[in-house]
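Right, one structure below, let's go through it.
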Amino acid sequence: MPTIVVEVMPKAELLDPAGKAVAGAIHRLGENRITDVRLGKRFELHVDGEVDDALLDTARQLAADLLSNGVIEDVVSVHVADDAHASTGA
Amino acid sequence: MPTIVVEVMPKAELLDPAGKAVAGAIHRLGENRITDVRLGKRFELHVDGEVDDALLDTARQLAADLLSNGVIEDVVSVHVADDAHASTGA
Amino acid sequence: MTVRVGVVTFPGSLDDRDAMRAVRLAGAEPVALWHGEHDLKGVDAIVLPGGFSYGDYLRAGAIAARSPIMAEVIDAANGGMPVLGICNGFQILVEAHLLPGGLIRNDHGDFIRRDQKLRVESTDSAWTNGFTAGQEIVIPLKNGEGGYIADDATLDRLEGEGLVAFRYVDVNPNGSLRDIAGLRNERGNVVGLMPHPEHAVEAGFGPDTDLAMRSGTDGLTFFTSVLKQSVLN
Amino acid sequence: MSDAVAPAIPQPDTVDNAIATPDKHQPYDALGLKADEYQQIREILGRRPTSGELAMYSVMWSEHCSYKSSKVHLRQFGQKVSDEMREHLMVGMGENAGVVDIGEGWAVTFKIESHNHPSYIEPFQGAATGVGGIVRDIISMGARPVAVMDALRFGAIDHPDTARVLPGVVSGISFYGNCLGLPNIGGETWFDPVYQANPLVNALAVGALRHEDLHLANARGVGNKVVLFGARTGGDGIGGASILASDTFSEGGPTKRPAVQVGDPFAEKVLIECCLELYREGLVEGIQDLGAAGISCATSELASNGDGGMVIDLDAVLLRDPSLTAEEILMSESQERMMAVVEPSKLDAFLAVTAKWDVETSVLGEVTDTGRLVIHWRGEKIVDVDPRTVAVDGPVYNRPMQRPEWLDALNADSARALPRASDDSELRAQALRVLGGPNQADASLITNQYDYYVIGNTALAMPDDAGMIRIDEESGLGVALATDANGRYCQLDPYAGAQLALAEAYRNVAATGANPRAVSDCLNFGSPENPEVMWQFARAVEGLADGCLELGIPVTGGNVSFYNQTGDVPIHPTPVVAVMGVIDHVDRRLPSGWQDEGENLYLLGVTRDELDGSAWAGVVHEHLGGVPPRVDLAAEKNLAGLMAAAAEEGLVTSAHDLSDGGLIATLAEGVLRFGVGARVWLTELMERDGIDATAALFAESGARMLVSVAREDDVKFRGLCEGRLVTVTRIGVTDGEIDGLDVQDRFTLSHAELAAAHRHTLPERFGAVVGG
Ligand SMILES: Nc1ncnc2c1ncn2[C@@H]1O[C@H](COP(=O)(O)OP(=O)(O)O)[C@@H](O)[C@H]1O
Ligand SMILES: [Mg+2]
């Protein structure tokens, strides 16, 4: 089943407390080459049938309107998954 | 600044109420080609310096040990971001 | 000899003082333990209290499970010391693999606070031996990520071995599979649950009962149980 | 997406530069300064301000920070005071929060503040950071925060945008407060189309301290260090500041900075514990939280309140975003930061404590006696001002006021003209509608998301009339708090409306058995530039000040929020009043519902045919007009005295005040609290007070309370009422045999019907309540 992946990240200029907490944990583990972490969301939209351009457009619309909050988040990608990166749908 | 992206998804065979809630919202908007949604996490690890194989290995280790809980989640990808998909770090 | 019960404070722990109070009201001596140390201060039992350790932004309990003191807690637990994880403490136990499965965001998506009815399913543990099997108790519940999940094989094993310690009654407040509210380990020394027994130990500040407003003290039995156990040992 | 390459940092606009380029155009208007205000700044400085100075003045002289339109009115709170009001006041208005002595060496500090506009833009973060901000005010007084409350106003319940705003606001408050470990012990939820594009999010925090732990925001002691600690400074909430540097960019323009702030309750929780440890160790001379106006506010206020001078090196500020300009650093509203004044000999110990809590800390500069606040950046002097001109001596306006022309017509349009129920079955139907009205309906959907158990000292919380917290575990000493405001009444008469808000909060506190002791307020109004709004504001402040004087409890602090309007239409005046009361032992507190059968139900106070502005008029007839119920503060005072005595002597088993929705709402909530039914009769009441059944059930006359009394205490209780000049009528009995409410000879409402009517309204719109 094809999958559309939508990736949403907190806006770069805003505080990302979650990313900060993860970065802190990584530093406590002694890894300091990783300076900063940001934590966003990854949606997998499982599709029944083909993914045509119209559906991708719909997905982009959903990403902007429903899956992200434009005030504090950016949609960084909407793409069809290559199988390697998609987990299998239940 | 280079960025390593780690993607984590809930295990396919386990319940994902958050994904289900999103799917419900999408269906209420009248979009039924999207049958199922799963909601996972996307980490951006910002790196100071080059990303070499050793660091990528470290990132894989972190992904498995810290960034995901293997009992309920799968790491679906650890990769260096192509610029288009990474938001810029603050 | 007074029994000494350690209560660990992580950054972001909230119910640590409440857990200390509960220990005191049960007749034991509370001992404050600090996440950043490797020192259990010779305690007889340990409580991992509720809260939002490290903000719980990654996965609830995930970062705390990797803190210095947890190395000692894990060793002690494996050696048979009674350990009780309450809410965030339960999440930490799960992240530390002292109990199986995982806890995810409530199915309805919101934080929920309610006086929750539970059934005690197992009295074979350090923290539940003072209850009677099947006893129904009311314990405050308050969490955002209390949905218990595990795969079917694990769930079946938990049921088969009698490791489900508490089950939600009447209302499943967070979508937990098989209404699981709390677990014990095989040995019975480690118990974790989402509801907060330390908030039902003092009349006037607990859940409502049929007798009087906020007079419920069903939670006290957790702490007197461990006292009994430790005195016997 | 922004360019990966950080824009070149512009050259700072130095003091020398300002002197050299006197005619340089400055975007003062875009920063909200009027031409004459800009001129005033030039006169104060004797030159044009640097862009950094302009940043500081513009935020500090804003309405929000300077109170320039409200100051002349707020003065009354300090003038209309009696000795009785001063008796327990340790710190009054003018500090971060007022401090009140509650006895046994304990003091309490509490304050309510608005975060209205941010909560409309981004409901979750706006509300969350509102809680965070008010809690920092409490910490900065040296107190441990012990509880929060929230007073909320939303647009119409069925408007689609309310479905966006309400869940966001509620989960934001829930997230931040729960994560901080502060019990949420009460608040309010109102819906009205007047708040449609302008919801009100007022957050209250209360803290406790020993008398000797009091800390104040001042920078004294020349040579003492000025230390910034907590979260790093980032680009949050800068909004307009970015334009300041814009004309120094050669091309591409400034990075657009967001106006929203993101909260990190975990960082604040750690900051609380860290501050309390610093206080315990005696390592802090003065302290100030960073809220609106960030470093600009903290430095100028600390300096003004202290020895008058301070020198700061802005490069020492730890940044989250290295591309910030000096102006942006000065204006950033990044959350979870504090500024302390520390003796040099104690600095190492101070740093050890912040390190223990993993709280990042930097020393920015020191206290001087030069009378100047001097700020350096990149080796240049970019600010050199008298801090008092920034923080204290801002502009003060005596804005024109005008009584609205529409008011006479509105007052003439009384609810008396509305048709009343023609028979008992219609009366019954109206009762159910009122109980399910959005503003009377059960708010569990909201309050179930708030933790009230944490800390283990909550003696009363939702749905009781007031929240109550035990302060001293040994003695049982505690405080009760309630917030109230009825915008509908304030629209009809802002003077009376403000007093009714005060009276209601006061009565709610009294209902618990506590003695009301102090007041904080959050005055939410439309634009002060509208003379009608200004008139409403002035009348409300006057009403509140007069009311406090009569009740003998001081206003200890608060907050003004102007510009609450949708387009040109201002909100109803909404002065949210918080009253704090003291109880010697929380064991004596009174629940809001009866739990035992066979007890007598007494109605205290007099009921008049007062339906103007009532829930009945609003829900049944969609009507707002007439004049609000009569204010009788003497009666409120008698009633409160009676309740405290009754609680003290254990003569009353429950008490619930009467307010919106009238007697029927109080009765229904009494039944629903513990599920014990009641039989009531209205005849005696109707005859004595000369009213009909509609007024008996729905009138919203003040100074009334419903109490349950065990039979053996009947005589004593009636005696007490007589002695304290409180009118009393037995109107019913509690009865376990009765399913719900039996209003004798008129109608019955089963428990299930009451529950359905009262509990369906919010879930119908916003999703099910867990567990029903
Ligand atoms: N409505 C009001 N009633 C009483 N005092 C007020 C009111 N509004 C503001 N104040 C007082 O004016 C002072 C400045 O208020 P504010 O700027 O909100 O304080 P802070 O700087 O701590 O945020 C405070 O002492 C506050 O208590
Ligand atoms: Mg302040």
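Including glycine, each Cβ sits where the backbone N, Cα and C put it.
Under the heading region 'Disordered', TrEMBL lists D:1-23.
What TrEMBL records for D:25-68 is domain 'Phosphoribosylformylglycinamidine synthase linker'. For the domain 'Phosphoribosylformylglycinamidine synthase linker' (D:25-68), the residues of the chain that approach it from at least six positions outside its boundaries are 12-15, 17-19, 74, 240-241, 243-248, 292-293, 296-297, 300, 326-327, 330-331, 375, 377, 382-386, 389-391, 394-397, 528, 560-563, judged by C-beta separation under 8 angstroms.
Look at D:Lys111 (ATP binding site): DSSP puts it in a strand. Long-range Cβ proximity for D:Lys111 (ATP binding site), meaning a same-chain Cβ under 8 A and a gap of 6 or more residues, is found for D:Asn96, D:Ala97, D:Gly98, D:Ile134, D:Asp137, D:Ile138, D:Leu204, D:Ala205, D:Ser520, D:Thr556, D:Gly557, D:Gly558, D:Asn559. Under the heading ATP binding site, TrEMBL lists D:Tyr67, D:Lys111, D:Asp521, D:Gly558.
Within 10 Å of the C-beta of D:Asn559 (Mg(2+) 1 binding site) we count 22 further C-beta atoms, all protein chains included. As annotated by TrEMBL, Mg(2+) 1 binding site applies to D:Glu113, D:Asn559.
Summarising the annotation, TrEMBL assigns substrate binding site to D:Ser114, D:His115, D:Asn116, D:His117, D:Arg136, D:Gln261, D:Glu333, D:Ser334, D:Gln335, D:Ser561. Neighbours of D:His115 (active site, proton acceptor), defined as other CB atoms within 10 A of its CB across all chains, total 30.
TrEMBL lists D:His115 with the feature active site, proton acceptor.
For D:Asp137, D:Asp289, the entry in TrEMBL reads Mg(2+) 2 binding site. Taken residue by residue with DSSP, D:Asp289 (Mg(2+) 2 binding site) is part of a strand.
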Largest tally of Cβ atoms lying within 10 Å of a Cβ, found at which of the binding-site residues D:Ser114, D:Gln335: D:Gln335
Distance-selected binding-site residues near ligand 2 (C-beta under 6 Å), from D:Asp137, D:Asp289, D:Gln335, D:Asp521: D:Asp137, D:Asp289
Environment of D:Tyr67, D:Lys111, D:Asp521, D:Gly558, the listed ATP site - residues of the same chain whose CB lies within 8 A of the CB centroid: D:Leu74, D:Met93, D:Ile112, D:Glu113, D:Ser520, D:Cys522, D:Leu523, D:Val555, D:Gly557, D:Asn559, D:Val560
CB contacts for D:Asp521 (ATP binding site) [other CB atoms within 10 A, all chains]: 31
Sequence-distant neighbours of D:Arg136 (substrate binding site) in its chain (C-beta under 8 A, six or more apart): D:Glu268, D:Leu271, D:Asp289, D:Leu290, D:Gly291, D:Glu336, D:Met338
Under 8 Å by Cβ from D:Asn116 (substrate binding site), same chain, sequence gap 6 or more: D:Asn198, D:Pro199, D:Leu200, D:Val201, D:Asn202, D:Asn524, D:Ser561, D:Asn564
Other C-beta atoms that fall within 10 angstroms of the C-beta of D:Glu333 (substrate binding site): 27
Span of the ATP site, taken as the largest CA to CA distance across D:Tyr67, D:Lys111, D:Asp521, D:Gly558 (Å, rounded to a whole number): 16
Those recorded positions in D:His115, D:Asn116, D:Glu333, D:Gly558 whose CB falls under 6 A of ligand 1, listed in sequence order: D:Gly558
Secondary structure tally of the domain 'Phosphoribosylformylglycinamidine synthase linker' (D:25-68) (DSSP, helix then strand then coil): 25 helix, 0 strand, 19 coil
D:Asp521 (ATP binding site) as reference: those recorded positions from D:Glu113, D:His115, D:Glu333, D:Gln335 with C-alpha within 10 Å of it: D:Glu113
